[in-house]
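**Student:** I grabbed these lines from TrEMBL:
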type	residues	note
DOMAIN	7-332	domain 'Acyltransferase 3'
TRANSMEM	7-32	transmembrane segment
TRANSMEM	44-65	transmembrane segment
TRANSMEM	85-104	transmembrane segment
TRANSMEM	131-152	transmembrane segment
TRANSMEM	159-178	transmembrane segment
TRANSMEM	190-209	transmembrane segment
TRANSMEM	221-240	transmembrane segment
TRANSMEM	246-264	transmembrane segment
TRANSMEM	284-302	transmembrane segment
TRANSMEM	314-334	transmembrane segment
Amino acid sequence: MKKNRFVYIDLINIIATFFVLELHSSQAFFYVQTSSPVYLQTKVIQVVFIPAVLLFFMISGAMLLDYRERQTTIIFLKKRFLRVVVPLLSWSIIWYIFDIFWSANPGPMRHPNPGIVDFIKGLLLNNINNIFWFFYVILALYIVTPIFSELAISKKYNLMFSVVCVYFVINCVLIYFTQILKISIDLSNVAQPLLSSSYLGYFLMGYLIHKNYFSDLQEKIFIVLGALAFAGVLTIALFMPSLKTTSTTGLAVFLYSVGLFIIIKRISKMIVFNEKTMKKIAMIASTNLGVYLIHPFFIKLLDKILDINQNNWFHIYLFPFIIYFICVVFTLVCKKLPVIKNIFP
């Protein structure tokens, strides 16, 4: 059975990819002095666009948890292998070679003493291109998808939401607040079970929203909570910049991401897209993984050509738009080339 396309999913894909570029063009936040104007500007950018990868996890859950309606588990795992493992290995090799001679930020990590053992260690520890952490998380989610898909197919949505609640309480409340309040409590054993790790809460929440599990009122409550969470984190960023509030497993970011997902879904359903527009949106959305894989190279290249660094206003504010356009075009071209298209899923 052919999987239906959903315009709102494609739109979230595009938005999430652009959010990644916003985050990675504002890396000065991690390096400049807190007294610098650049610090506050880039912190605000980090707060606004932090849902980036989390939206990808929600999209994956929305689109994959009912895979049994379309294909067998063997076919599902084979497709995931080709879409994720092959690009991960291929691009790890490409970036490892890059790492030997050059450096770039964010992502690539220098390897001045290359070798097979060093490569294997780098691959296992995500020490080749550290923005590839996304692949390791999504692979863990894919491995357990056959288990949770049984709940999806049997429509045990209440049970799925209870798993989200367990994830939320442990990660977004207990662990998060002990970290930001610097309370010395060992929660390592609590954090180990699958129910509270691997961003599973986002994965399942994406599916539940996609399946309209929540009532109209409940969705509106999530939107309000998301807006309040965003406003709260933004206020803290402006007036208490030393306090870390943008953890991707934190309370505010979870609510903000869920609220944003619902808003985009609702708005997209209010808009009537013609067939031509939907095809263009789908085409752009299909480049998301390619953009994610290659954008550090073009950030480095553009910095070199323009002779600027990550503190420059042009880098911070205009790079996301320029790099996104370049990477989309580059990926679309590569997806048409024999052999090369296999590493641009």
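Quick reminder: no glycine exception, Cβ is built from N, Cα and C everywhere.
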**Student:** Of the listed stretches 7-32, 44-65, 85-104, 284-302, 314-334, which one has the most C-beta pairs under 8 A with the transmembrane segment (131-152)?
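**Tutor:** When the Cβ pairs under 8 Å are tallied, 44-65 comes out ahead.
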**Student:** Between the transmembrane segment (44-65) and the transmembrane segment (7-32), are there three or more C-beta pairs closer than 8 Å, counting only pairs 6 or more apart along the chain?
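**Tutor:** Contact criterion met.
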**Student:** Please check if the transmembrane segment (85-104) comes into contact with the transmembrane segment (284-302), where contact means 3 or more CB pairs closer than 8 Å and the residues in each pair are separated by 6 or more positions.
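**Tutor:** With 3 or more qualifying Cβ pairs, these stretches touch.
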**Student:** Where among 221-240, 284-302, 314-334 do we find the most Cβ pairs under 8 Å to the transmembrane segment (7-32)?
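**Tutor:** Stretch with maximum Cβ contacts: 284-302.
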**Student:** Who are the chain neighbours of the transmembrane segment (284-302) in space, where the CB to CB distance is under 8 Å and they lie at least 6 residues beyond its ends?
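**Tutor:** Beyond its ends, the transmembrane segment (284-302) has Cβ neighbours at 9-11, 13-14, 16-17, 20-21, 24-25, 56, 83, 87, 91, 98, 102, 104-108, 129, 131, 134, 315, 319, 322-324, 326-328, 330-332, 334-335, 343-345.
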**Student:** Note the mean pLDDT of the domain 'Acyltransferase 3' (7-332), expressed as a whole number.
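**Tutor:** Averaging the confidence scores along the domain 'Acyltransferase 3' (7-332) gives 91.
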